[in-house]
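Engineer: Below: one structure in C-alpha cells.
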Amino acid sequence: MSTPDDTLEFTGGLVARLPEPADFGIALAEGFARRIGDLARRAGAPAAAARWAARAAFAASRATAGGHVCVSLGALAQRYDEPLADVRAALAASGVAAFGALERGEERPLIVDRHDRLYLARYFAYERRLAEALVAQAGAVAAAADAAPAPVVLRERLARYFGPATGETDWQRVAAIVALTGRVTIVSGGPGTGKTTTVVGVLACLLDAHPGLRIALAAPTGKAAQRMQEALHARAGDLPPELAARLPNTSYTLHRLLGGGGAAGFRHHRDNPLPYDLIVVDEASMIDVALAAHLLDALAPGARLVLLGDKDQLAAVEAGAVFAELSARPSFSAAACARIAQALGIDEAAFVATLPMPADAEPDAAAAAVAIARTPVAPPSAGLRQASLFDDEPPAAVATADEAAGDADDADDRPAWIEADELAWLDAAALPPLDAGAAQRVAAMIPVAREGVEAAEAAEATPPAPLADCVVWLERNYRFGLDSPIGRLSLAIRRGDVQEALDALPASDAAAASFHEDAGDALAATTVERLARRFSAYLDALQDALAAAVPDPLPLFDALNRFRILCATRGGARGAEHVNALVAAHVRRAAHVPLAVGAHWFTGRPIMVTRNDYALGLFNGDIGIALPDAQGVLRVWFKRADGTARAVSPAALPPHETAFALTVHKSQGSEFDEAALVLPATFGRVLTRELVYTAVTRARTRVQAIGGRRVLAQAIATRTQRDSGLSARIAEALARRATEASR
C-alpha cells in the first residue's frame with residue numbers, strides 16, 4: 001500500500017502545488033494519472049511503462065474535460081518526441097491499457113482503438129454502445145420501409161398535412177417520408193428553417209397511419225422542452241381536431257424522460273425500455289455521447305426516434321458532438337431516392353440532383369447524381385481547428401481575418417487543454433517501489449469498464465453510408481432570406497468566410513446586423529447604458545404590472561424576450577455575471593424599485609434556473625421573474641406551457657442567476673426579437689465559429705456584436721472539432737453485423 005510519502009513523491013507534490021482557487025480539472029486528472037501509474041507499477045510494469053500509463057491517463061482525462069471523447073495517441077507521442085510504436089509498446093507493457101477492445105470479463109481503465117485513439121474505458125463503452133444501437137435502429141429501416149405505405153398513400157398524406165405538391169424537392173416532406181419509412185430520422189436546420197412545421201407534419205402523418213401511437217417530446221434542458229411543446233401546440237390549430245387532440249400535452253428533459261440518472265443510473269434502459277412508439281428530441285446538438293448512449297439504449301423495440309437540431313450550433317458541454325457527427329454525412333441509397341421521388345411526385349433524377357454535395361464538389365457534380373447518393377458528405381474543412389489538446393501556440397488567423405482585423409501576432413494566447421508544465425510532474429516524479437502483491441488493492445480504486453467480446457475487424461474504408469436514408473438538412477429559411485442582413489451574416493459565419501461576415505456587420509445601430517466597437521478590458525460605461533436602455537419594453541411592462549391592483553407577470557415574459565444580452569463567457573469583466581450586475585443596477589434605478597429579500601432580489605429581477613428541481617417542477621434553463629403577489633409578497637413567477645403563471649418563493653428556488661444577460665451556451669433553445677453578443681476583450685478557447693453562429697441565430701430581427709473586430713474575426717475563423725471515433729465504431733458495428741449475417 002502507498003504511504004503518504006509515496007503519494008507525495010509520485011505526484012510531484014501535487015497537493016502542495018494546488019493554486020487558490022485550484023483548477024480541479026487538472027487536479028482530478030493528475031490524481032487519476034497518479035493512480036493509474038501506481039496501479040501499473042504495482043502490477044509489475046517497468047518504470048517507463050508505468051510513466052507512459054500515467055501520461056496517457058492524464059491526457060485522456062483532460063481530453064474528456066475539454067469535450068473530446070478520445071485523444072490521439074500519435075499526438076501524445078509527438079509531444080514527447082518518441083516513436084508511436086514505442087509508446088504503444090510501453091502502454092501494452094503497462095497492463096492498464098487494452099488495444100482494440102476488451103476481452104469478456106477483462107478490466108482496463110484505458111483503451112486504444114485500431115486507429116490509435118486513446119480512450120478512458122467508460123467513454124469507449126459509451127461510443128460503442130451508441131454505435132451498436134444506431135446500427136440496430138438503422139438496420140430496421142429496411143424492414144420499416146418494406147412495411148411502409150405505398151408511394152401513392154404517402155403522397156396523399158403529404159398533401160393532406162403539408163399542402164399540395166410543389167413539383168420540386170421539399171426537404172420538409174422528405175423528412176416526413178424518412179420518418180414514415182424508417183426508425184431513425186435526423187433533421188438538421190437553423191432557426192427559421194421549419195423544423196417545428198416539419199415535426200407537426202410528421203406527427204400528423206404518423207398519427208393518421210397509427211392512431212394509437214404513443215409519443216414523447218423531449219429536449220436536453222427544461223427550457224428547450226417547454227419551448228418545443230409550446231411551438232408544437234401553436235401549430236396544432238393547422239391540424240384536424242381529432243389529430244390535434246392526440247398530440248402529447250407535456251414534454252420532458254431527457255434526464256426526466258429516462259428516469260433520474262443518479263447513483264443508481266437511469267430507470268429506463270435496454271431491459272426496461274421507454275413506453276413510447278415515437279420519441280422526438282429537440283436541440284439534439286446539446287446531447288453528449290453518454291446521454292446519447294443512454295437514450296438509444298432505452299428505446300423500445302420498433303420505436304421511432306426523431307432528432308432535431310442544428311449541426312452548426314455549439315456542441316454539448318460534456319464530451320462528444322454526437323448530433324454534428326451524425327448529421328455531417330447525409331446519404332441516400334438508390335432505393336431510397338426512388339421511393340422519395342415517387343412520394344414527392346417528381347422525377348428521380350431531379351431529386352438526386354438536389355442531394356447535399358460534398359464541400360469540395362465541383363458545381364456540375366450533380367451530373368453524377370446517383371453516385372452522390374452513395375458518397376459521404378464531409379463536414380467543411382475550411383478555417384482553423386479549435387485548439388487541440390497539445391497546442392503550445394495559438395492558431396494564426398486566416399488571411400482574410402488578418403486583412404480585416406490587422407496584425408494578430410500580439411493576440412492573447414489560447415490556453416491549450418494540456419500545457420507544457422501540466423505534464424512536467426510526470427517526468428520529474430519518482431515512481432513508487434514495485435509491489436505486485438498490492439495490485440488488487442489498488443485496482444479497486446480505479447474506474448474501469450467491462451466490455452463484451454472483441455469487435456470483428458472493421459472494414460479498412462469507412463462505409464459510404466453508415467446511416468443511410470436517415471439524415472435530412474433543412475436549408476431554406478422562412479424567417480429571413482439569405483439576402484437579409486441576419487441571413488447573410490449567419491451564412492458567412494457557417495462558411496467561415498471572415499471577410500464576408502465582417503462586411504455584413506456595419507457600424508450602424510440602425511442596421512439589422514451591426515457591430516459596435518468596444519474592445520476594452522471591461523465594457524465602457526456608455527456601452528452598458530446603451531444595453532440597459534434596450535430593455536425599455538421590459539421596463540414599461542414592469543411599470544404597468546406594478547400599477548395594477550394585482551400584478552400580472554405574463555406580459556413581462558413577452559417583453560423580456562424582446563431583447564437579450566448574450567455573453568461568450570460566464571466570468572470576467574465582460575462575462576454574463578458581471579454584465580448582469582451592471583445592467584441590473586441600471587434597470588433597478590430606472591424602475592425605482594429597492595432591493596428586497598437580500599442583496600440580489602428586487603421587483604422585476606429576471607432569473608434563470610441552473611439546476612433541475614424535480615420536486616418543484618423547475619428545470620435548468622427555466623426563466624422566472626420576481627414580482628409581488630396579491631398580498632404584496634415578492635414571488636418568482638414562472639410561465640407554464642399552457643400560458644398561465646405560477647409563483648415560487650425566492651427562498652425555495654434551486655440554484656439560479658440573473659438573466660438580463662445569458663451565456664451563449666445557456667441561450668440555446670431560446671429565441672429573442674433582438675440580441676447583442678458581448679465578446680471578450682481577447683481571443684480565447686471558448687471563441688469559435690459555432691459560438692458566434694449560435695448567438696447570431698438567437699435573434700429574429702436584429703443582432704449586434706460588441707467587442708473588437710480582431711477577436712470576432714479569429715472566432716469566426718476557428719471551427720470546433722472534437723476528437724471522436726463514433727464513425728469508426730459504426731463501421732465496426734456494421735462489419736460485425738455483416739459477419740454475423742454471413743454465418
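Start at 1 and count along the chain as shown; that gives each residue its number.
Glycine residues also receive a Cβ, built from the backbone N, Cα and C atoms like all the rest.
What TrEMBL records for this protein is below:
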DOMAIN    176-308  domain 'Helicase ATP-binding'
BINDING   Gly189, Gly190, Pro191, Gly192, Thr193, Gly194, Lys195, Thr196  ATP binding site
Engineer: How does the model score the domain 'Helicase ATP-binding' (176-308) in terms of mean pLDDT?
Structural biologist: 88
Engineer: When neighbour density is defined as the number of other C-beta atoms within 10 angstroms of a residue's C-beta, which of the binding-site residues Thr193, Thr196 has the lowest density?
Structural biologist: Thr196
Engineer: When DSSP is mapped onto helix/strand/coil, what comes out for Gly189 (ATP binding site)?
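Structural biologist: In three-state terms, Gly189 (ATP binding site) counts as strand.
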Engineer: Excluding Gly189, Gly190, Pro191, Gly192, Thr193, Gly194, Lys195, Thr196 themselves, which residues in that chain have a Cβ inside 8 Å of the centre of the Cβ atoms defining the ATP site?
Structural biologist: Asp310, Leu474, Asn477, Tyr478, Arg479
Engineer: According to DSSP, which kind of secondary structure is Thr196 (ATP binding site) found in, if we only use helix, strand and coil?
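Structural biologist: Going by the DSSP assignment, Thr196 (ATP binding site) falls within a helical segment, counted as helix.
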Engineer: For a quick check of packing: other C-beta atoms within 10 Å of the C-beta of Gly189 (ATP binding site), how many?
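Structural biologist: I count 24 other Cβ atoms within 10 Å of it.
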Engineer: So which of the binding-site residues is most packed in, judged by how many other Cβ atoms lie within 10 Å of its Cβ, out of Gly190, Gly192?
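Structural biologist: By the 10 Å Cβ neighbour count, Gly190 comes out on top.
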